[in-house]
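**Q** When I checked Swiss-Prot for this same protein, it listed these features:
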- Asp13: active site, proton acceptor (ACT_SITE)
- His41: active site, proton donor (ACT_SITE)
- 12-18, 40-42, Arg306, 332-334, 415-417: GTP binding site (BINDING)
- Asp13, Glu14, Gly15, Lys16, Asn38, Ala39, Gly40, His41, Thr130, Arg144, Gln225, Thr240, Arg304: IMP binding site (BINDING)
- Asp13, Gly40: Mg(2+) binding site (BINDING)
- Ala300, Thr301, Thr302, Gly303, Arg304, Arg305, Arg306: substrate binding site (BINDING)
Amino acid sequence: MANVVVVGTQWGDEGKGKIVDRYAEDAKVIARFQGGNNAGHTLVVKGEQTILHLIPSGILHNHKVCIIGNGVVVDPLVLIQEIESLKGRGLFPPDTRLFVSEKAHVIMPYHRQLDLARETRRSGVKIGTTGRGIGPAYEDKISRVGIRICDLLDETLFREKLALNVEEKNFTLTSLFGEPPVQEQEIFDEYQNYAEKIRSYAADTSLILEREMKLGKPILFEGAQGCHLDIEHGTYPFVTSSSTVAGNASCGTGIGPSSLNEVIGICKAYTTRVGEGPFLTELNDEIGDRLQRVGQEFGATTGRRRRCGWLDMVLVRHAVRVSGITGLAITKLDVLTGLKTLKLCVGYQSGNDLYPESVPPNPRILQQCQPVYEEMAGWTEDIRGARQMDDLPSNARRYLERLESLTGVPVILVSVGAGREETIVLKNPFSS
């Protein structure tokens, strides 16, 4: 059985939660490897919706091991609330185990305060932060002053590291941003309470993963957000603070890259984006409004309206390259039903320069680009009942075939509705 990485090919919100939930049936271990509670994965099982921000989507299945890896930044209050909510609704199976890496960094109150203060102070275009403290937490990690789960669980060490951080952060908050200082003792007391509630979940998750692999148990690595929010490969500076590409599944969980066998790229049948940043195929018209309305395009974390547009294959081809994607899972194909004509962006044009496979990193050049479109005929048939490719209208099949030809990667799954069962499965990546 293979180990499989699932990543987004766009700007997040591609429907990874549903696909991970589906693949979790075949995996024995499901591991998150980056991001924090700035991303939300929406699952619909038997008509009931569940939104998870930190806990892996596989938590709804029996007999699983769910891991929050060292590459994730953890807000302990959010983690506790998710655990208690799932247990209260009877959705945390007693035979499924949850572990949090001792090396995962902790989001502190001053991270959230700094996040919001910086965004407020920015002149001109905002980054579009969720205000959850993700960026500042990763900054502390890189600056080697961050507080990890293992530090939080050691009362003496936590007090020492907290004192150093509060002194520095209060200087920045008060002197640079004119914000009120945070209170060290209040934070200490609050987080010591959290520590006791999460202590039983803390573990060396790298060792757990190694043991499970040696037993031949298939592992699913769950990415958050999407390739073009990646700190290295995204539309910088309108990106997140972590690496969202498949290669980080290794670093963010503590297993070797040779253990990763398949990479599944999740691609929405059109394109959406939350917050600021370039979006060449954005539709500020009736079609864009229709995609937003029919697709229910509101952020699972922020509730913000998602910007909508035609499918941008430049983004997808770029994602295929940087993540080494071996199979595509197409989501929300049903949202396109009823559109007479569909457009695919197959390149960017700037003067005499054509960019068919990668996004220009220079924001000035990107701003000057125009999308190059191909047109395809749409369909009117309701496809939500389709369970195999032959059930789809011919034009829907042609649309999927064109995505394959443009990327050189096979479509292995098609989602035709929000429910777990509203899916066409063409290949099981765990059988590779």
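Even glycines carry a Cβ here, placed using N, Cα and C.
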**Q** Calculate the distance in Å between the alpha carbons (Cα) of Thr42 (GTP binding site) and Arg304 (IMP binding site), and round it to a whole number.
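**A** Here the two Cα atoms are 15 Å apart.
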**Q** Tell me, in order along the sequence, which binding-site residues from Gly303, Arg304, Arg306, Leu333 have their CA within 10 Å of His41 (active site, proton donor).
**A** none
**Q** Out of Gly12, Asn38, Thr130, which of these binding-site residues is nearest Arg306 (substrate binding site) by C-alpha distance?
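**A** That would be Gly12, the closest of Gly12, Asn38, Thr130 to Arg306 (substrate binding site).
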**Q** Here are some binding-site residues: Asn38, Thr130. Which one has the most Cβ atoms within 10 Å of its Cβ?
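**A** Answer returned by the neighbour count: Asn38.
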**Q** Taking the Cβ of Leu333 (GTP binding site) as the centre, how many other Cβ atoms fall within a 10 Å radius?
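**A** Its Cβ has 23 other Cβ atoms within 10 Å.
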**Q** Residues with Cβ closer than 8 Å to the Cβ of Val416 (GTP binding site), same chain and 6+ apart in sequence?
**A** Leu333, Asp334, Ile383, Arg384, Gly385, Ala386, Glu422, Thr423, Ile424
**Q** Taking DSSP three-state, what's Arg305 (substrate binding site) in: helix, strand or coil?
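**A** It is in a strand.
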**Q** Taking every protein chain in this structure into account, which of the recorded positions His41, Arg304, Arg305, Arg306 has the most other Cβ atoms within 10 Å of its Cβ?
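**A** Max Cβ neighbours within 10 Å, all protein chains included: His41.
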**Q** Near Gly12 (GTP binding site), which binding-site residues out of Asn38, Gln225, Arg305 have their CA within 10 Å?
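**A** The binding-site residues close to Gly12 (GTP binding site) (Cα within 10 Å), listed in sequence order, are Gln225.
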**Q** Cβ distance under 8 Å to Lys18 (GTP binding site), same chain, sequence separation 6 or more: which residues?
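**A** Once residues fewer than 6 apart are set aside, Lys18 (GTP binding site) is near Thr42, Leu43, Val44, Thr331, Ser415, Ala418, Arg420, Thr423.
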**Q** How many Å lie between the Cα of Gly303 (substrate binding site) and the Cα of Asn38 (IMP binding site)?
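**A** Just about 12 Å between their Cα atoms.
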**Q** Taking Thr42, Gln225 as the binding-site residues to compare, which has the smallest set of other Cβ atoms within 10 Å?
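**A** Counting other Cβ atoms within 10 Å of each of the binding-site residues Thr42, Gln225, the minimum falls on Thr42.
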**Q** Can you tell me the three-state DSSP label for Thr130 (IMP binding site)?
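**A** Assignment for Thr130 (IMP binding site) reads coil.
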**Q** Go through Gly12, Gly15, Gly40, Gly303, the listed binding-site residues, and name the one with the sparsest Cβ surroundings, counting other Cβ atoms within 10 Å.
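**A** Relative to the other binding-site residues in Gly12, Gly15, Gly40, Gly303, Gly303 has the fewest Cβ atoms within 10 Å.
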